[in-house]
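**Student:** Handing you this structure, nothing more for now.
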Amino acid sequence: MEQKHQYRGLTKQEVEESRQLHGENILTPPEKASLWSQFLEKFDDPIIKILLVAWILSMIIAGVHCWGPEAKGFTAFLEPIGIFFAIMLASCVGFFFEMKANKAFDILNTVNDDTLVKAIRDGNICQISKKEVVVGDIIVLETGEEVPADGSLLEAISLQINESTLTGEPIISKTTNEADFDHEATYPSNVVMRGTTVVDGHGIMKVEKVGDATGYGKVYEGSQIESGVETPLQTQLAGLAKVISKAGYSIAALTFIALLAKLLLSSSGMPVMDLIAHILNIFMVAVTLIVVSVPEGLPMSVTLSLALSMNRMLKTNNLVRKMHACETMGATTVICTDKTGTLTQNQMQVHQTNFYNLKGQKLEDNEISNLIKEGISVNSTAYLDFSDNDKVKTLGNPTEAALLLWLNSQQQNYLDLRENAAVIEQLTFSTERKYMATVVKSPLLNKTILYVKGAPEIVLANCQRVATDGTFKPVEDCKANIETQLLNYQNQAMRTLGFAYQVLDDKQETSVFANGKLHNANLTFLGIVAISDPVRSDVPAAVQSCLNAGIDVKIVTGDTPGTAKEIGRQIGTWQTNDTEHNIITGPNFEALSDDEALNRVLDLKIMCRARPTDKQRLVQLLQQKGAVVAVTGDGTNDAPALKAAQVGLSMGDGTSVAKEASDITILDNSFGSITRAVMWGRSLYRNIQKFLLFQLTINVAACLIVLLGSLLGTESPLTITQMLWVNLIMDTFAAGALASLPPNEKVMQDKPRKSGKGGDFIITRSMAYNIFGVGISFVIILIGLLLYFHAEDGLTPHDLSWFFSFFVMLQFWNMFNAKAFMEGTSAFANLKESKSFLFVALIIVIGQYLIVTFGGKMFSVIPLSWKDWAIIIGSSSFVLWIGEACRFIQSLLKKK
Ligand code: ATP
């Protein structure tokens, strides 16, 4: 049945014209620092500065060599040029990855423009994204929503707006009634502004300004993603980086002293210029050691991992708003989840109506029928969208929309009924109240009527009588019967609603509501409605996966114990041996003392008839018990609980207040996406561990080699330019490769890591053994190789090129070991999904070949034969084969 709204709104063509004339509803982000200045920032790093100083000194020495008595010519400049390129390359690659991360953040920031708003266009109510709103549009505003543009109100019912983003005022009453205007207010009482939120009530506005022209556009400062805030993991890593740096500086100082002493002992008769050049060279070795050992790529790798994860999580319906949430999700031990929409499909359908005065389910032409159809139409904030001819879509509160759909199926036009009745006062539905009430001047009954619908026991508590079988009976006479009916529906996981009304006289008209509640109401109960909302098909498996991962799943719902238990049973959290100890109602929970509640929180599986304050207390008590809590919320009043939890998860169709308070928005509302967020969080942590494992192994090996090499031989076996290349591989390339490894479902078979004070350190014991074991083995092999070359015929350029390539290839194969670390599978598993990893691996091999073949004096190398390469690659690969063998044995032991 086509139903037209009293407002026509813009036609398609008018929308286009308005967009041409006034522009789109998009805010231009403030100009960012230019690419150049972002690039120059890279040189702010103290290590790069030391390197630059060293580079200048080496240029001077090269100049002396070039024109001095030895007159080496331009070849003397090759090493400084090499150093310069290495510095540039290191900063460019770092810069590139940073750009990539920034791009990911930019994408996340634009998602906000896609939030849906309700608009009336062509006489129909429909949903459009915020950025599509144009001047002249008619927008329907509801509790919890953000005002999408500036405009004036056409209608306002109990409308209260939070203007704190603009004026600092948290609650401002808005009205269209000139007599009630507040002339002191910053913005006129009939004007609403973009960026403010509806705290209570609802209204209809006409858009007057969009995009940058809005008041908010003028003060807009850009990105809302807090990309600058350090996450706990980053703090932990920064501490680690400091310790490693100190060790690096100490080793560098030791090397410098050792080499200097050696030089001074053997320098008698050396020309002063040569002596200075040698000292400078020793200084450069020490500086390079610092460069190699200081893990300056670590913070970058974490930011990159976070940015990549955030971007990929967006593809699996998780919009991360605060960076830390990515990693904290992986440490979660308890998830407190809503029921409606998260566990269920939120596709509500009236299963059965039970109005006691109606025969069957048909609405007949009598007074009770009129009360029912007018009550459902008027005491509601939902809409039906008829713009699609095939299917009627619903907008707004799903419970109310289900009732409108039912009315529509009874051939009743809800919009006519709603628009003909004048609303005098209204209490919209809230989880605290658990009912909705509206006072209207009814044209159908020619009286002023109070309509109430809500949780049956609460509505019934305000009723004196029940309209049944053509008469009115006292509530006491019918109560037992009604409760049996309710329980029957609830045991089938249905939500139940009670309906009631009261005819008001003039005095009661304004006094029946007080303090946001019904006051001295004397209602007549009309009946109940059972609404079905099936469990989402993917939820039982997702819940099971969380349970396997050692994460407790608790249902926190506003619904009844019966409904909640049945849903719990269907998703697999409520078992047959569970007792009343595992379930509690909100009011009973409130009555418990903190001590009593603390004793029970971990065992609770369901909290029903919960209010937002109960949810918040539950979260806080669980945290006191040491749990890392993720909590879902969609309502404005969930904001405190969302903020209190370590990870607040808001729902895609939740209010913008809830979204703002949350750390992640689950765009498709589904519990399945929450499970995926846990998997991502854990994978991210693991990828960083892999990177650390790889980097620290090179650190140990490179530092010891240079230290021991310079003590044993006359010069460092790895030259400065060679070490800078090694540094580039491990700091930047490997960070990119390992940070972008795909998530692994297997992480969901482990127990959650311990976080917070006294929690697990990111470098586990097995990692430490691995780092030192492998690092020292590398050193022994490499020193052995050096001694072998030395014993043969001294260290020739060929030997040093061989040594350099062998060193890099050892790290190359070890990167595959790092990839497989803790996975319990071969390093060759899921190579298809690890494209970035393979790409980086390829760059390392090709880069090494090009350097050795064409690097010449710049890298102090000479080209190697194919036979040499085959031997180097083949012999160094034993690192991987040994790793594979260890993993195979481990998996066999595990199976046993
Ligand atoms: P969850 O908190 O898990 O989403 P829920 O949606 O069932 O669960 P509430 O929204 O707090 O929880 O609803 C609690 C009760 O309030 C419902 O069982 C129902 O009886 C009643 N109710 C729900 N929506 C409305 C509404 N729009 N108008 C009146 N009563 C409602």
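Each Cβ is built from the backbone N, Cα and C atoms, and glycine gets one as well.
Below, the features straight out of TrEMBL:
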DOMAIN    3-63  domain 'Cation-transporting P-type ATPase N-terminal'
TRANSMEM  47-67  transmembrane segment
TRANSMEM  74-97  transmembrane segment
TRANSMEM  247-265  transmembrane segment
TRANSMEM  272-292  transmembrane segment
TRANSMEM  691-712  transmembrane segment
TRANSMEM  724-741  transmembrane segment
TRANSMEM  762-788  transmembrane segment
TRANSMEM  800-816  transmembrane segment
TRANSMEM  837-857  transmembrane segment
TRANSMEM  869-889  transmembrane segment
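Situate these features within the shown structure.
**Tutor:** Distant neighbours of the transmembrane segment (691-712): 240, 244, 247-248, 251, 254-255, 258-259, 285, 288-289, 292-293, 295, 297-298, 301, 305, 718, 723, 726, 729-731, 734-735, 738-739, 762-763, 767, 770-772, 774-776, 778-779, 782-783, 786-787, 790, 807, 810-811, 814-815, 818, 821; these residues of the same chain sit at least 6 beyond its ends, with a Cβ under 8 Å from one of its Cβ atoms.
Proximity of distant same-chain residues to the transmembrane segment (762-788), defined by a Cβ-Cβ separation under 8 Å and at least 6 residues beyond the stretch ends, is recorded for 233, 236-237, 240, 685, 688-689, 692-693, 696-701, 704-705, 708-709, 712-713, 717, 795, 803, 806-807, 810, 814, 817, 821, 879.
Listed by sequence, the residues of this chain that lie at least six past the ends of the transmembrane segment (800-816) yet keep a Cβ under 8 A from its Cβ atoms are 694, 697-698, 701, 705, 717-719, 722, 725-726, 729-730, 734, 737-738, 774, 778, 781-782, 785-786, 789, 827, 841, 844-845, 848, 852, 859-864, 868-869, 872-873, 875-877, 879-880, 883.
Within its own chain, the transmembrane segment (837-857) is flanked in space by residues 75, 78-79, 82, 721, 725, 729, 733-734, 736-738, 740-741, 801, 804-805, 808-809, 812, 815-816, 819, 831, 863-864, 869, which lie at least six positions past its ends and keep a Cβ under 8 Å from the stretch.
Sequence-distant contacts of the transmembrane segment (869-889) (same chain, at least 6 residues past either end, Cβ-Cβ under 8 Å): 774, 802, 805-806, 809-810, 812-814, 816-817, 820, 824-827, 849.
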